[in-house]
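> Structure below; questions to follow.
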Amino acid sequence: MNALKGRDILALGFMTFALFVGAGNIIFPPIVGLQSGPHVWLAALGFLITAVGLPVITVIALAKVGGSVDALSHPIGRYAGGLLAAVCYLAVGPLFAIPRTATVSFEVGVVPLLGESGTALFVYSLAYFLLALAISLYPGRLLDTVGRFLAPLKILALAILGVAAFLWPAGPIGTAQPEYTQAAFSQGFVNGYLTMDTLAALVFGIVIVNAIRSRGVQSPRLITRYAIVAGLIAGVGLVLVYVSLFRLGAGSHAIAADASNGAAVLHAYVQHTFGSLGSSFLAGLIALACLVTAVGLTCACAEYFCQRLPLSYRSLVIILAGFSFIVSNLGLTKLIQVSIPVLTAIYPPCIVLVALSFCIGLWHSATRILAPVMLVSLAFGVLDALKAAGLGQDFPQWLLHLPLAEQGLAWLIPSVATLAACSLVDRLLGKPAQVAA
């Protein structure tokens, strides 16, 4: 089979959409919508660039090089590329994404019943990760069965929630918090990092390409074309989900004005609109979705690291589950606070890598361009991260007042300047000399 039928392409698009939509993704648009008030759509535009546009572009970039993040990062060298891949796996694994699945389901399903309690979170997360561990050690056919059952149910629930957000808003749009009044677009842009979908796309891009190849497609041109179509289908789905959740959050000021995270906003709206039965349904759905996501990420991380470390798959599953359990006990709000500086630091070089991968043919040596620009973007990303963590008080004033620094995008101008300088040097040096055998 050399070409996919229409229904196969559509199925590929839905699969890509399902890969991106984890339970954690639905908690960020509501809180941004709530806090941005009348500036909600400007904040949404910034959010959609990093939470939808970049992941879709990343899928396309990976498809052009065969789906592997190692191939995409080849110009920066084997060790730097391996470090980048490891950081992506750790971020979408035990550092943030896996623990977040437990805290999201706890916030939505348990907190409304028992309230905030460290003991309750400890007991819940222990049971949660023991179950995730058991399934990850012996996935068998259980995960496939749950996945086939869960995917349409989750899409249906999101569709109902999205329609309800526009038909039955909880109230009028409230006032914006100061940071959104001053810079709604950039606040949305940086908050889009929290979905971690660009990092996730770097990890599972190979899954999408392999899914195309499994249908008998071998032509690189067709693989790239189908990956682009799948990415666009997923992108449209993500935009619809996010826009409806922004509207939900923006209209929830009357019922969730003091919410500290999106899970609280979401629960308040569902409780207000659908009552206790709807709230229980949402809690059960998100708990199941979170568990499936946790198992999938645990398996993926264990399979990746067992090929690179002298540890067995089973040992790594146990280590990953145990570490995720410990991190999850920070709680959702604290976990998000910790993740913001880290993601602020590592996102810029990933953005640079993906964006410049489309321009490789313009230079004599991609290494001369990518390595310096990524290094500069990382350095200034770390600067933004330190400021986001509240550690920038002692910085020189010129560092605090770089172009776009107030918007958390201090890395952008230096990266563009480095790109221009390196492009000029590359043009002057010409093609690298071939090493004689």
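Cβ coordinates come from backbone N, Cα and C, glycine included.
Residues annotated as transmembrane segment in Swiss-Prot: 9-29, 40-60, 79-99, 120-140, 155-175, 189-209, 226-246, 277-297, 316-336, 342-362, 369-389, 399-419.
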> Are there residues at least six beyond either end of the transmembrane segment (226-246) with Cβ under 8 Å to its Cβ atoms? List them, or say none.
4, 9-10, 12-17, 19-21, 25-26, 29-30, 32-33, 40-41, 43-44, 47-48, 51-53, 55-57, 59-60, 62-63, 158, 161-163, 165-166, 208-209, 212, 217, 266
> Sort out for me which stretch, of 9-29, 120-140, 316-336, 342-362, 399-419, has the most Cβ pairs below 8 angstroms to the transmembrane segment (79-99).
316-336
> Sequence gap of 6 or more, Cβ distance under 8 Å, 3 or more pairs: do the transmembrane segment (40-60) and the transmembrane segment (120-140) meet that?
no
> Among 120-140, 155-175, 316-336, 399-419, which stretch has the highest count of C-beta pairs below 8 Å with the transmembrane segment (9-29)?
155-175
> Below 8 angstroms Cβ to Cβ, which residues of this chain, lying six or more residues outside the transmembrane segment (316-336), approach it?
27, 93-96, 98-100, 102-104, 106-107, 116, 118, 121-122, 125-126, 128-130, 132-133, 136-137, 194, 260-261, 263, 294, 298-299, 301-302, 305-306, 309
> Could you give the residue numbers and ranges of same-chain residues that sit at least 6 residues beyond the transmembrane segment (399-419) on either side and whose C-beta is under 8 angstroms from one of its C-beta atoms?
182-183, 185-187, 189-190, 344, 348, 352, 356, 369, 372-373, 376-377, 379-381, 383-384, 387-388, 392
> For the transmembrane segment (120-140), what are the same-chain contacts with Cβ under 8 Å, counting residues 6+ beyond its ends?
102-103, 105-106, 110, 114, 291, 294-295, 298-299, 302, 314, 317-318, 321-322, 324-325, 328-329, 331
